[in-house]
Amino acid sequence: MSSVINVLFVVLVFVPSIYSAPPPNLTKDYYQKTCPDFNKIVRETVTPKQGQQPTTAAGTLRLFFHDCFMEGCDASVLIATNSFNKAERDDDLNESLPGDAFDIVTRIKTALELSCPGVVSCADILAQATRDLVTMVGGPFYEVKLGRKDGFESKAHKVKGNLPLANQSVPDMLSIFKKNGFTLKELVALSGGHTIGFSHCKEFSNRIFPKVDPELNAKFAGVLKDLCKNFETNKTMAAFLDPVTPGKFDNMYFKNLKRGLGLLASDHILFKDPSTRPFVELYANNQTAFFEDFARAMEKLGRVGVKGEKDGEVRRRCDHFNKLNV
């Protein structure tokens, strides 16, 4: 196992709004007439990208979560900072969002603009790409309804308090999830997305330096200490969130929590806290139950704060508003 944990990633990796019901035009076949090749183009773009960069799936899942929890699934996290506005993606909590996730959205948008210009929103691209990538690495299939519009605002100063942190308690995390309409069980199910991906050393350094958290598996802690010994000077150093099957979407994340192999304090607390432990036990013992609950939670996540025609647009470029906003 230690050989798996020792793999390093030099990279860039789990955001907020009030939950609202989907607008009437959010449908599975939204682009059937206006962009009939939408599904095909997304699928044919994500497949080679995931093959070339195996961390793309985890990064895109994280990017989607950060987008939806930050005032809805409206692609606001994709906006680039300019001289007038510091955008969400440049807030400290988003600084480690991986470049490969932004890149796959850009690639898909470019391909779609050639096939059906001005039709498909960046928000829908991110939602569809996330689902396709999750299933590519073994995760459950879930329905993605389409018709989201891209938002008009992206403010870095609004991010704080809307994203769960690496060292938060269950009550603190739950307060964030509840703002978006999610239950305690759904919090645990969505946390299972940590079965793929990684986290930078600074996010869990307090568990290994200066003293090791006694609830952390001793051998695992030793590997992490060696891995992260220079993390203050080399900020790219990272470890897998699931050190056993890091590239496979399965229920190993929950099994790991029972063995002291939860990387983040906010991972470990799910097993330690009596309110969430039964769900960890359920998912560790029953992958089917985890997949079913994760799929339902992802469908629900995709409906958070959706923008319609009146409060959104279809961006020409995913990192810029069509008109300058300040």
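Including glycine, each Cβ sits where the backbone N, Cα and C put it.
What Swiss-Prot records for His66 is active site, proton acceptor, and it gives sequence analysis as the kind of evidence.
Long-range neighbours of Asp74 (Ca(2+) 1 binding site) (same chain, six or more residues apart, CB within less than 8 Å of its CB): Asp67, Ala123, Arg148, Lys149, Asp150, Gly151, Gly305, Val306, Lys307, Gly312. According to Swiss-Prot, the Ca(2+) 1 binding site annotation covers Asp67, Gly72, Asp74, Ser76.
The feature substrate binding site is assigned by Swiss-Prot to Pro164. All protein chains considered, the CB of Pro164 (substrate binding site) has 23 other CB atoms within 10 Å.
As annotated by Swiss-Prot, heme b binding site applies to His194, with the evidence given as sequence analysis. The DSSP secondary structure for His194 (heme b binding site) is helix.
In the three-state DSSP reading, Asp250 (Ca(2+) 2 binding site) counts as coil. In sequence order, Gly138, Thr195, Gln287 make up the list of same-chain residues 6 or more apart from Asp250 (Ca(2+) 2 binding site) whose Cβ falls under 8 Å from its Cβ. According to Swiss-Prot, the feature Ca(2+) 2 binding site maps to Thr195, Asp242, Thr245, Asp250, an assignment based on sequence analysis.
Taking the Cβ of Cys116 (disulfide bond) as reference, residues of its chain lying under 8 Å away and at least six apart in sequence are, in sequence order, Tyr31, Thr34, Cys35, Asp37, Phe38. What Swiss-Prot lists as disulfide bond is Cys35-Cys116 (among others).
Contacts of Cys73 (disulfide bond) defined by a Cβ separation under 8 A and a same-chain sequence distance of 6+ are given as Phe64, Asp67, Ala123, Leu126, Ala127, Arg148, Leu301, Gly302, Arg303, Val304, Gly305, Val306, in order along the sequence. Following the DSSP three-state reduction, the secondary structure of Cys73 (disulfide bond) is coil. Sequence annotations record features per position, and here Swiss-Prot assigns disulfide bond to Cys68-Cys73 (among others) based on sequence analysis.
As annotated by Swiss-Prot, disulfide bond applies to Cys122-Cys318 (among others), with the evidence given as sequence analysis. DSSP assigns Cys122 (disulfide bond) to a helix in the three-state reduction. Long-range Cβ proximity for Cys122 (disulfide bond), meaning a same-chain Cβ under 8 A and a gap of 6 or more residues, is found for Ala75, Leu78, Val105, Lys109, Asp150, Arg315, Cys318.
The feature disulfide bond is assigned by Swiss-Prot to Cys201-Cys228 (among others), with sequence analysis given as support. Counting every protein chain shown, the number of other Cβ atoms lying within 10 Å of the Cβ of Cys228 (disulfide bond) is 20.
Under DSSP, Asn25 (N-linked glycosylation site) is assigned to coil, being neither helix nor strand in the three-state scheme. The annotation N-linked glycosylation site is assigned in Swiss-Prot to Asn25 (among others) on the grounds of sequence analysis.
In the three-state DSSP scheme, Asn167 (N-linked glycosylation site) falls into the coil class. Under the heading N-linked glycosylation site, Swiss-Prot lists Asn167 (among others).
Sequence-distant neighbours of Asn234 (N-linked glycosylation site) (same chain, 6+ residues apart, CB-CB distance under 8 A): none. What Swiss-Prot lists as N-linked glycosylation site is Asn234 (among others).
Less than 8 angstroms from the CB of Asn286 (N-linked glycosylation site) sit Asn251, each of them six or more residues away in the same chain. Among the features that Swiss-Prot reports, N-linked glycosylation site is placed at Asn286 (among others), with the record citing sequence analysis.
According to its DSSP assignment, Arg62 (site 'Transition state stabilizer') is helical. For Arg62, the entry in Swiss-Prot reads site 'Transition state stabilizer'.
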Query - Cα distance (Å, whole number) from Asn167 (N-linked glycosylation site) to Thr245 (Ca(2+) 2 binding site) - result: 23
Report summary line: Students should find that the Cα atoms of Ser76 (Ca(2+) 1 binding site) and His194 (heme b binding site) sit apart, in Å rounded to an integer, by 23
Query raised in the report: Near the Ca(2+) 2 site, what residues other than Thr195, Asp242, Thr245, Asp250 in the same chain have a C-beta no further than 8 Å from the centroid of the listed C-beta atoms?
Result: Ile196, Val244, Pro246, Lys248, Phe249, Asn251, Met252, Tyr253, Asn256
Query raised in the report: How many other Cβ atoms sit within 10 Å of the Cβ of Asn167 (N-linked glycosylation site)?
Result: 14
Query raised in the report: Got a sec? Which of these recorded positions, Asn25, Thr245, has the most Cβ atoms within 10 Å?
Result: Thr245
